[in-house]
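Have a look at the structure below before the remarks.
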Amino acid sequence: MDFCFMIFYNSLSGQKEQFKPIEANKIKMYACGVTVYDDCHIGHARTYIAFDVINRYFKYRGYDVTLVRNITDIDDKIIKRANENGESTTELVERNIKAMHDVFARLNILKPSKEPRATETIPEMVAMIETLIKKGYAYQGANSDVFYRVTKFADYGKLSKQNLEALQQGSRVDVVEEKENPMDFVLWKMAKEGEPAWDSPWGAGRPGWHIECSAMSKKLLGDTFDIHAGGSDLRFPHHENEIAQSEACNECTFANYWLHSGMVKVNAEKMSKSLNNFFTIVEVLEEYHPEVVRYFLASTVYRSEINYSKENLENAKASVERLFNALRDIEPIEVNLPDDASEYEEKFIKAMDNDFNTPEALAVLFSLAKEINTLKTTNKYKASGYAYLLRKLCDVLGILFTDIEEYFKQGDGADASEIEKLIAERTQAKKDKNYVRADEIRNQLQQQGIILEDSATGTTWKKG
């Protein structure tokens, strides 16, 4: 495939650019991960599904991708929550990491190439801070905390397109007496009694949030890498501060391209615990199948806001079922690919090569689904070839990962075990020649949208 014509929006330049990796056919990508003080919410799902689609597409296009997604496992929020729960930070972190991995797996998010924890990279953070101090970009305050000297970095604000002087005038940053400037940010924080701490030249403490990502990306991807990704809420100050630290320390460009995913709104309002419209991924998955949630979150262009609402999720559910129904009762066979199948794949590539335009890519999938449905009764050979292509392109987006019949069995709140019990009762009723009861059970299930199919080997069921 042609590597030359992929374009996407670079937050650093503020415009779409042709993608040119540092090393031919290879991509080094860093995505800011979760601070594991609580359960992952729907905003996390949005971000990591967006970048999972991009990761999958890069691989589909033939790139060798190294994706680093970190875990922030030491932070003020983690310490505060552990104290509130009466548990150690280790207990809190390990439980939340397991929960994160569980929900990400349910949403079919691929594991990153590497998943470093902040606490595993302390020596590298200390080394970076020492370099910044030597170069005059950092200083130790009166209370021994170490701060980054923002005014020393001439390009501060280049990612967020903000002027440092204007930021200082409108600053709402809490005034800390030992700071030279209100915009200076902490690189190393001295530990209070009872808090987790690591030795450093400045005393026992822990790293600031921003230096963690700079050190982890440097360790695993080098001084300069291709793509840095994260939620749009991290653009300032987190990503701006990462650039300031890394470029001052390494004296070279930090990341060539910056991708930012759009935020989730709930019924057109900002998602917030105070507005009581905050949903964890687990809560959403209690109501909707992972296929539906993933489709919904992948169906909007990655950098646009997305509105979480029951109506939009129901629309996503209907769309998923349309795609699954097209693949029902047809075996995908690669060798049966029709000659004109390449036209569909080319349209899919054209959409995704243009800033990962998933809505346009999905439109291609629905055109394929329509073609399959038309051919099912007239040319199953050709339909099976199109079905193979539909499966292939769905895999690129990470959708339709569930067995078709298993998906339909889980729909509309139908309890599979209860259905199986009723089928067993119906089978026994037929053996006893109690056909009235057998018909009652069939009708009962039919009202729930469950279709029974009898054969010589027994009875199977599916959601209609």
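Sequential numbering from 1, following the chain as shown.
Using N, Cα and C of the backbone, Cβ positions are placed for all residues, glycine too.
In this structure, Glu242 (Zn(2+) binding site) is part of a helix by DSSP. Annotated Zn(2+) binding site per Swiss-Prot: Cys32, Cys213, His238, Glu242, in sequence order.
Annotated ATP binding site per Swiss-Prot: Lys273, in sequence order, evidence recorded as sequence analysis.
The annotation motif ''HIGH' region' is assigned in Swiss-Prot to 34-44. Under DSSP, residues within the motif ''HIGH' region' (34-44) fall into helix, strand and coil as 3 helix, 2 strand, 6 coil.
Summarising the annotation, Swiss-Prot assigns motif ''KMSKS' region' to 270-274.
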Binding-site residues compared (Cys32, Cys213) - the one with the fewest other Cβ atoms within 10 Å: Cys32
All-chain count of other Cβ atoms within 10 Å of His238 (Zn(2+) binding site): 17
Shell list (Zn(2+); ref centroid = CB of Cys32, Cys213, His238, Glu242; cutoff 8 A): Trp209, His210, Glu212, Ser214, His228, Gly230, Leu234, His239, Asn241
Coarse DSSP state, helix versus strand versus coil, of Cys32 (Zn(2+) binding site): coil
